[in-house]
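Novice: Can you read through this structure? Questions will come right after.
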Amino acid sequence: MGPKKGKRSHSKNHHHHNNGNNNNNNNSGGGSSSDILYTYSQDTRILLFKVILTQNEEIICMVIQIAYGLPGLPKISDISRDLGILILKLPNRTIRELELFLESKNIYFREDQHINYLNEIPQPTTTTTSPPPPPPPSSISTTTTTTTATAIEIESSSGLTSNITDSTEIQLDSTTTDTKTTSTTSTTTNNSSDSNNNNNNNNNNNSNNILNFPFNCQNKSKQKRPISKEESFNKMVQYNFDLGKIFDEFTREVLLDDLKNDLKIDNIPIDNISISPTPIISPVFQEYDLFLMDSFIILCGQLDNVKLTLEEFKDYYKKYKLLNQYIEDFKDNLINDFLVTVEILASWYIPQKDYSIVKFINCFGEMLDSTIIESFSYIFNKTIKKEDDWSISFIQAALGSNEEFKRQVMCLNDELIQDRYDQSLYSIMHPIKFDNVREFILIYSRDENYFEPQEFWYLICKYDAIAITQHIINNNIAEEDLSKRSGKTYNSNLSENPLEINPLSLLEICSANFSHKIASILFQFYDFKDSMPTRFSLRGVFKPTTTTTTTTTTTTTTTTTIDKDEKDKENNNNNVISQQFQYFRVLDVNCYFNDVIKKRAPIFIDLMTQSNIYLNTEVGEGSDENVDTHESIYSFQNSTEYLAINSNSIHRLKRSSISLLSKVLEFNDRDTLISLLKNLTQGGCTLCKDLIDEKQLLITISRPQYHQSIQILHQNGYTIIPKYQLRDPYIFFAGSKQILQYLLEIHTNSLSETIDIRHWIQAIMSAGQYSSETEFFQYYPKIQELSLRDKYSRTLNILELQYILGHIEGIEFLLEKYLDFTKPYHLDNQELLEIFDVTFVQKKDIRTEESLKAEKDLLEQEENEKKRLKEKRKKEEKEKKKQQNLKQKSLITNNTTTTTTTTPIPITVPIPTQTQTPTQTPTQTPIPTPIPTTPIPTTPIPIPIQLTPTTPKTPKTPKTPKTPTTPKTPITPKTPKNSTLDKQTISTPKTPPPLSVNTTPITPSPPPQTIATTITTTTTTPKTTKTTTTSKIPTLIIELNKYDISIGKFKFSRKDEFIIGRGSNGTLVFKGIWNDRIPVAIKQMHKAFNPLISKEIEVLITLTNKNCNNIVRYIDQEEDDMFVYLGLTLCNGSLQNLVEKDLEINLISTSNNENNNNNKLKNFIGSELRLLELIKDIVYGIQFLHQQGIVHNDLNPRNILIKDDRFIISDLGLSKMEVTSSYSFTMHAPTGQEGFHPAEVLLEKRKTKSVDIFSMGCILFYLMTGGQHPFGDKFFRMANILTDKPILEPLKHNLVACDLISQMISKNESDRPTTENILLHPFFWNHEKKVKFIDASLNLFKDSNGLFTSKLNKLINQFQDTDGVNTTSTPFLSKPWNQLIDPTLIEHITNKQNQLSGGSSIGNNNNNSLTLSGKKFYFYDYSQVKDLVRCIRNTIQHHKEIQRLISQSPSSSNKQEVLDCLESQELVLSYFEEKVPDLLLFLYQKFKKHLDSKSLIYFNDLIIK
């Protein structure tokens, strides 16, 4: 029986054996069906290759002779062509006979001398017939018949005889003989007796064979016989339908159908007739290299080891001497291009998951080119889906065989992955697509180019790769646990965790794909209920906020949207994916709906609803051409169009214009729409905002097929919660008359609701009713009576208002009808623009040509204003220059007429030394005594330097006359306001500038040299004058002349080199000068975005004018027609800049294997004392704000600026105007992305001053650890804040700081200390306060009023508090404290104490004192903390006496060390702090927790509860 179509039969399934009885079965009904035709099996191919390896001409010819039954031997030249054909015609019986015969000649094909899988020949199934392959070209004849050989006796030289029955072939050639037989000499008869006679005749003939060959090649029966219908069938297959050469499956099926139709006509049974599949390799072996590869694959399959090596292969087949030659031949032929044929070969083995090809790749992989491995993997990628042991073995073999292939597959560059995916080549897409974890682990490597996390997780969610997600999350958690167990801080980075992503961000990507399976896994690991921010725009997931319908609230809401949009645009320009929680957008992909999404979306949305997470309707801008409604988009057939990894939209962060709700309506899926409406309405959303921009939707859903969706949209099953019911849910229908009419028909009750007119106007403009600002104001006067009112009752229903806004002719009538309304207030153009800007100016996707032109005109107006100011300055300079020339000409005339009568003018010039003129150059020399010279006409150029006359002998300088007629004192013109530095400093020898003389006589000491000068000067005068002038020019003048813009008291330049910050809405920060002398940062803000900004700035200026040096000062403000300018303190950077620079330097040093000693933060901090002062700068700044009733609400390292090597606080808030630099002042809702906001901010609860305390605690940790965060890495930071799980291990060496910070960052805001209490913490105690605390503690211990109880004494000796009487706790002192302190010191402290009290030391006892003979003796209980405190206090108080006693005592080994620590009280305290480091903090914590108000009196201001 032939193999089934499309599958390859294993070798043992092809070994058919017929006995004599079976030969006669099924002979009725048109002939015998026992004529079994064999296909090209592995057995025959193995034999073929072994025959070739023998290189024995006689054997090869015998094989051909056996196959054809020809009397003559073929020529050797025909062997290469005929070998493939003869094996196709060789039955398995003949294969066995040939092996037995050759074994008798001591020629072996196998090492074990047997072909084991041929020994057990299964019984054949003779119900089907398969056509034989075509005969060789040389033997094709016009007639061919097939008959059956019954029994043949095989005889060998060893006496081996066997009776084997099988079918062979007989070919008839009309040109040579009538009939030629293949393996028999007679035809089969219908009875067994005839068959036996024929067998006997065959045996007799075989005995006469010269070669002792078991077959007689001569056909002694020459008689012709009639051709049966079965033979006619075979003849058609062989000559008319050569299926062996047909590779097209369609053509093959057509031919098969034609054959069956012919057989029906001839009344031949066709139920059991089938045509065997086309052989993989053409029967004629024209491609020798492919034949070798196929043979090697089969030979490799005979070995058991899957990871087969070439050495093992050669050793196994070592008897075949020529095998190495064929291996080398195979290696040389690999350079030929036969990839198509290789793919055909691979398409046979790989779909069957045959281990032969795995063994072949492992064995010969080093010889195979990467293109061949790519061909194998191409078939693997197309045919294999789910992983198993075979697929893993195949991938391991392919990756290990060729480095180039491995590099291509394991490279995670998105462009390369896209390219391979487009070509259907194997890549990491295969394990992701079919969720194969083991395969993913093999391919993914952190050492290679890492995947962009957003792109990777997008693919994971798209294909619902659950197993891979579970593996990555578990692996990440395991790594973190391992880091914690090893005592390290878990610090993820791209090299360690390249696929790490914030859980909230991953949930957003899930929402983009409606991947409920991945979202369910996330919910198992993370609790999003408490960690979800208020406006988390996933696609977007968010919690609703209360929005009232007042004018102020609406304006604020729209302004927030504008800021959000501007921020997205800025991120888009910088190609940076925003990581902010409110406005995070990952992949702005097209919103598509297909059959897969149809199943996914309702489940995902219901999962979000059950988890109390509500969906925002914003998604990416969609396109109908990308919508595929076929489920096959997730199968292999559709490959490239949908994925689009390399699409530019992957990083596009533009604002959405098509909402999720609109796409669901267009998709018209009932289940998805119901789930979405349920989620939105439970979250407090209303449709008026969700669909306000959807003008195209209004047209789309008016069609009849959307009737059901509209009914669902307006049914009563999804009511709005009460606090949102004031907003009309149908405002978005304002622009569509058809939908309004439909609304009136199905839901008339909605007309009685109150209408928010501002929402309605926004909807009208968004729907395109007014496409430009001009058109809006053109119609405004007609409708202002309506548009100026906040709300309208049922009196003016929706349809009437629609009529008014759409039909101008009815406006006057309706206005007269409703004039009894209360008189409205008038909105000015600015307020109307706020509404207009929301729907036009800031929405690029719906902006019209008019609005774009208006924006362009605004920019041109600004440029023209700049040009106008520039021209004005030039004109002024030109006019001033003209006036100067006139004055100079007048001076020249006067000087010429009075030359002969001129007397020297005594001028006192100080000797230009470096002490007197700090700005002079080192090359300057003292001015020599002037010599009278001839006069030279000069052009006076103003120099802003005054030379002071200092000698009393010099006569008083007369006042400058009004007219330049006297030659005694030249007039100094006023410096032009806009004169440049070049005009002030350049002097030429021809026109030296005159000296400017101060008219006020001053007599300094010591007197400088006096220099007499006349109008006539020498040639040295210009040089001297120039030198003196240059040395006196202040640096400030140089700075002033760099700034070309003057606004009030501000001077600055808009050149890029002077820009130190940029923000949204065109906000810029420049470096400039205020009042011509003070450097400031000048912030330029648009008036249009906040008309009340000037008032807010005035408040901030008033606030910061108060005496506080720890906050940024708001110096002054100026404004022009377009901008407001705010002057701020100019700083040198921020704490974040300082830390980030260190991180960059460390990274570079690590990569270059260098030691980095240039730690900027460490150098900036310096000593511990300076660190305390820097921290106090921050605390004092926050304390000042809190005293003024201000909550900063956005403290982070970026807002801690550096000025004069001290910290000051910035970003005090300025009307949502955000700047991305150190000059950032915002009061918008904090993002929380960096982890500097407490849980109540993230959950949008009431914000108090404790918010700043939490942020300050995080900043202190950040400062003291060089940039680390108290809640760990960003991946878990949000979750740790919400679950109150700080990670303070990096600061565990400083327990006092840990205690303070842990209080400041407590989740419970009531547990956080105030700024006053922070400054009282032991962390800020100096030496005096520590001594004061010890004294107070000792006084408490001595209290006689019962304040110090035994219970309190027990508490201060235990680490933990115990509630029960019998419970025990770990003692604070691990051993007696005398073992911690030097014995010599203990002894002398005790002696000194008893000397002072008049007693002596008698050692330890259960009591603290003992009275003997009227004397009181003191001693210490070394297990008691209070005695340790008493010892410390006594040592501090009497350190000099104890030092003296020790110095007089016999010397000891550590005597000098003890003496050194007794030099001062501070050293004594340091000594005990080193021996018992946690004592003061321990007592502070115990007293603060357990002391009542009476006991706290001892501590005054040291402890405040």
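Yeah, the Cβs are placed from backbone N, Cα and C, and that goes for glycine too.
From Swiss-Prot, here are the annotated features:
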- I1060, G1061, R1062, G1063, S1064, N1065, G1066, T1067, L1068, K1083: ATP binding site (BINDING)
- 846-892: coiled coil (COILED)
- 1-18: compositional bias 'Basic residues' (COMPBIAS)
- 139-158: compositional bias 'Low complexity' (COMPBIAS)
- 159-172: compositional bias 'Polar residues' (COMPBIAS)
- 173-209: compositional bias 'Low complexity' (COMPBIAS)
- 548-561: compositional bias 'Low complexity' (COMPBIAS)
- 562-571: compositional bias 'Basic and acidic residues' (COMPBIAS)
- 862-882: compositional bias 'Basic and acidic residues' (COMPBIAS)
- 896-924: compositional bias 'Low complexity' (COMPBIAS)
- 925-943: compositional bias 'Pro residues' (COMPBIAS)
- 944-954: compositional bias 'Low complexity' (COMPBIAS)
- 960-977: compositional bias 'Low complexity' (COMPBIAS)
- 978-989: compositional bias 'Polar residues' (COMPBIAS)
- 1054-1324: domain 'Protein kinase' (DOMAIN)
- 1327-1505: domain 'KEN' (DOMAIN)
- 1-30: region 'Disordered' (REGION)
- 121-211: region 'Disordered' (REGION)
- 548-571: region 'Disordered' (REGION)
- 862-1013: region 'Disordered' (REGION)
Novice: Any same-chain residues 6+ apart from L1068 (ATP binding site) with CB under 8 Å of its CB? Would you list them in sequence order, or say none?
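Specialist: L1068 (ATP binding site) has long-range Cβ partners R1054, I1059, G1061, R1062, K1083, Q1084.
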Novice: With DSSP helix as H/G/I and strand as E/B, how many residues of the compositional bias 'Basic and acidic residues' (862-882) fall in helix, strand and coil?
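Specialist: Output for the compositional bias 'Basic and acidic residues' (862-882) reads 21 helix, 0 strand, 0 coil.
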Novice: Between 0 and 100, where does the mean pLDDT of the domain 'Protein kinase' (1054-1324) sit?
Specialist: 81
Novice: Mind giving me a neighbour count for I1060 (ATP binding site)? Other Cβ atoms within 10 Å of its Cβ, every protein chain shown.
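Specialist: There are 19 such Cβ atoms around I1060 (ATP binding site).
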Novice: Is it possible to get the count of other C-beta atoms within 10 angstroms of the C-beta of R1062 (ATP binding site)?
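Specialist: Summing over all protein chains shown, R1062 (ATP binding site) has 13 other Cβ atoms within 10 Å.
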Novice: DSSP secondary structure for I1060 (ATP binding site), reduced to helix/strand/coil, please.
Specialist: strand
